[in-house]
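Here the structure comes first, spelled out in structure tokens, and everything after it is commentary.
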Amino acid sequence: MNRNLLLFASGSFVSLIGTRIYQVALAWWLYSKTGSSEYVGLFMISSFLPAIIVSPFAGTVVDRHSRRNMMVVMDILRGVLFMYLFLMEYFSELTMALLLIVTVLVSVFDSFFNPAVDSLLPDLVRKENLVRANSLYRLLKNLSKILGPALGSLLLKVVGLAGVILINSLSFLISGIFEMFIKVEEKHLKKVSKERNMWQDIKSALLYIRSVRFILVTILVIAIMNFFTGSMHVLLPEHVSKLGKSEWVYGTLMSMLSFGGLIVTFLMATIRTRASVKTLGLNLVGYGLAVFVFAMTGNHWLMFAMYFLIGIFQTLFNINVITLLQLAIPEEMRGKIFSLISAVSFSLLPVSYGFFGFLSSYVATAHIFITTSMALIAGGVLISLQRFEG
């Protein structure tokens with residue numbers, strides 16, 4: 001692992017852990033304070049709604065400036081913001097309104113940080129190591145998802161909400177310090193036209209997407225995948241319950257999903273592999289077949305096995321698709337296009353949750369999951385037929 005990637009990975013892991021600890025602790029604290037899930041839902045909406053609005057514009061800013069500096073600034077800003085929140089809680093001045101404002105601001109800062117990460121990563125490693133680098137970042141995310149909930153609930157008991165907020169603040173500040181020492185030549189700065197305004201930049205990105213069939217089809221498939229797999233997120237508890245299974249089965253399914261993703265990211269981060277369109281298509285077909293078998297069975301052991309495979313194929317797709325897009329998109333347009341993809345993905349989530357939540361009153365969850373599997377398989381076949389140039 002080269003020095004730049006080590007600094008990037010170290011900073012990312014610290015901030016990812018801090019964020020997951022804070023998210024879990026905040027959700028539990030909100031519910032215990034208010035006794036209502038409505039506040040938890042409100043904060044969840046405020047954590048992704050601003051990103052839908054800001055992301056397209058954030059991408060143009062990311063492409064016009066140093067992406068490394070953008071990451072540093074966003075980490076420092078988030079660290080300072082949470083330090084302020086810590087002081088308010090420490091002196092018993094914290095209010096729901098203030099928490100909501102901070103959540104919205106953090107979502108805005110995330111909209112600048114995330115495309116900067118996806119755009120900078122290809123500049124930190126050689127092309128042949130890009131899959132491993134993306135796998136490493138995904139591995140750190142999966143580890144934070146596993147460790148965060150356990151640490152969040154424990155730390156909330158030990159140090160309270162103020163302590164958890166302080167830990168999150170320090171994690172962002174430490175991450176920003178790590179990123180300051182990344183030394184990289186950002187060639188996109190020489191190619192970006194600063195004479196165009198933001199609207200012209202966004203228009204140029206949309207025209208480029210339309211002109212490159214692989215990118216256009218891939219974004220379409222990502223949108224379809226996010227919409228249909230939203231059914232799995234919102235309907236899984238109902239599906240498990242209607243099969244007469246306990247909450248233990250539901251919890252184990254979620255663990256198997258994380259476990260599958262963790263294993264495959266570890267392997268991909270240690271073994272040199274290359275992404276390809278055919279592999280990407282097979283990832284989605286495998287994902288769809290696993291969902292199909294899951295929908296057709298009532299045996300919880302087979303359900304566990306299928307969710308383990310879903311975790312594997314889902315993660316493989318995420319790693320390969322980001323790698324191929326990083327290679328296919330010109331370096332001076334990465335921020336804009338990744339931001340547009342994020343905006344599309346985020347905007348489809350509430351639509352998906354609402355639609356499938358309503359549909360489940362009239363259609364069996366198993367039938368909805370089968371439809372999801374067919375959509376995934378169709379997406380895999382469609383993407384396999386594309387020609388990649390990158």
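Quick reminder: no glycine exception, Cβ is built from N, Cα and C everywhere.
Copied from TrEMBL, the annotated features are:
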DOMAIN    4-390  domain 'Major facilitator superfamily (MFS) profile'
TRANSMEM  39-62  transmembrane segment
TRANSMEM  82-109  transmembrane segment
TRANSMEM  158-184  transmembrane segment
TRANSMEM  205-228  transmembrane segment
TRANSMEM  248-268  transmembrane segment
TRANSMEM  280-298  transmembrane segment
TRANSMEM  304-325  transmembrane segment
TRANSMEM  337-356  transmembrane segment
TRANSMEM  362-385  transmembrane segment
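Using a cut-off of 8 Å between Cβ atoms, the transmembrane segment (205-228) and the transmembrane segment (362-385) share at least three residue pairs, counting only pairs 6 or more apart in sequence. Contacts between the transmembrane segment (362-385) and the transmembrane segment (280-298): present, as 3 or more C-beta pairs lie under 8 angstroms, all at sequence separation of six or more. Here the transmembrane segment (304-325) sits apart from the transmembrane segment (82-109); fewer than 3 CB pairs are under 8 Å, leaving out pairs fewer than 6 apart in sequence.
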